[in-house]
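The active site, proton donor annotation in Swiss-Prot covers Asp82. As annotated by Swiss-Prot, Zn(2+) binding site applies to His83, His180, His208. Annotated dihydroxyacetone phosphate binding site per Swiss-Prot: Gly181, Gly209, Gly210, Ser211, Asn230, Val231, Asp232, Thr233, in sequence order.
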Amino acid sequence: MAYISGKTMLENAYKEGYGVGAFSAHNAETIQGILEAAEQMKSPIMIQVGQKVIQNVGLEPMKALIDIYMKDVTVPVAVHLDHCRDLGQAMKAIQLGFQSVMFDGSALSFEENAEKTKLVADAASHLGIGSEGEIGKIGGTEDDITVDEKDAQITSEEEALAFADRSRVDYLALSIGTAHGIYKQEPELAFDRIEEISKSLNKPLVMHGGSDVPDADVKKAIGLGIAKINVDTELRVAFTEGMKQCLQDNPNEYHLAHSLGAGKEAMIDKVKEKIRVFGSENKARTY
């Protein structure tokens, strides 16, 4: 299976009532882990490339690395640019062959957010690439941007509809009670708001801050219209704990292939766990 447009992938998930995991990659081992888990579970997935990784590795090198490991992959995969705040970077990702791009203008005024997001959505649409925008303020820390939880704002139905109409994005990220990073307390999701917006908008919705949200809450949100669930923190924790355990068991282990391999295996287990929760296992055959 070749790469597939994020738009096609999420519209299929939305129609069929399951969620697609958008898993953040950071290096070769995390790319391998995400793809191996998807293959084992026969699941469509998104690989996300975030801003911190772009700062450390570079946009083009990350896409090239993913391309290398995609050669023998048989499940549908979309590479997604996450939380882009620079129009030039978004256009570069489109040129590099990303299948999905997000412009995050949530820190801007409504008008500027909609205007800039539409520029990205229009460019992506011409090439059949999926586009994502964000309306509302999602709490927590994502790369170099922090939104205090007290400043987080639940997205209203009115602003979601107006933003979707103005920006023309294919799928929309909402502020629904989740947060980026590690939760200080269990999140309270605005299920009624998800349902209202989904019924009015009739297009895939996106959950950011999907790590550590209770499984039952995630499943309920998917049933109400969430089609893309972003997962990063839980994967990084699993990978790091896998490495730590390897080094604790073997204090004199200096072969990075061993410790990184242990991290990858732990991450594979976590990705497979999430795929089961999202309901995308064996959904690759529907493409």
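Note that Cβ sites are derived from N, Cα and C of the backbone, with glycine treated the same way.
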Out of Asn230, Asp232, Thr233, point to the one nearest His208 (Zn(2+) binding site) in space (Cα versus Cα); all of them are binding-site residues in the record.
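For His208 (Zn(2+) binding site), the closest Cα among Asn230, Asp232, Thr233 is found at Asn230.
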Measure from the CA atom of Asp82 (active site, proton donor) to the CA atom of Gly210 (dihydroxyacetone phosphate binding site) and give the result in Å, rounded to a whole number.
14
When DSSP is mapped onto helix/strand/coil, what comes out for His83 (Zn(2+) binding site)?
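His83 (Zn(2+) binding site) sits in a strand per DSSP.
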Counting other Cβ atoms within 10 Å of each residue's Cβ, which of the binding-site residues His83, His208 comes out lowest?
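Looking at the binding-site residues His83, His208, the Cβ with the fewest others within 10 Å is that of His83.
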Just to confirm: which same-chain residues, 6+ apart in sequence, have a Cβ under 8 Å from the Cβ of Asn230 (dihydroxyacetone phosphate binding site)?
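Expected: Ala22, Ser24, Gln48, Asp82, Val206, Met207, His208, Gly209, Gly210.
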Under a three-state reduction of DSSP output, how is Asn230 (dihydroxyacetone phosphate binding site) classified: helix, strand, or coil?
strand
Report the member of Ser211, Thr233 (the binding-site residues) whose C-beta atom has the most other C-beta atoms within 10 angstroms.
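The residue with the densest Cβ neighbourhood is Ser211.
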Around the C-beta of Asp82 (active site, proton donor), how many further C-beta atoms are within 10 angstroms, looking at every protein chain?
26
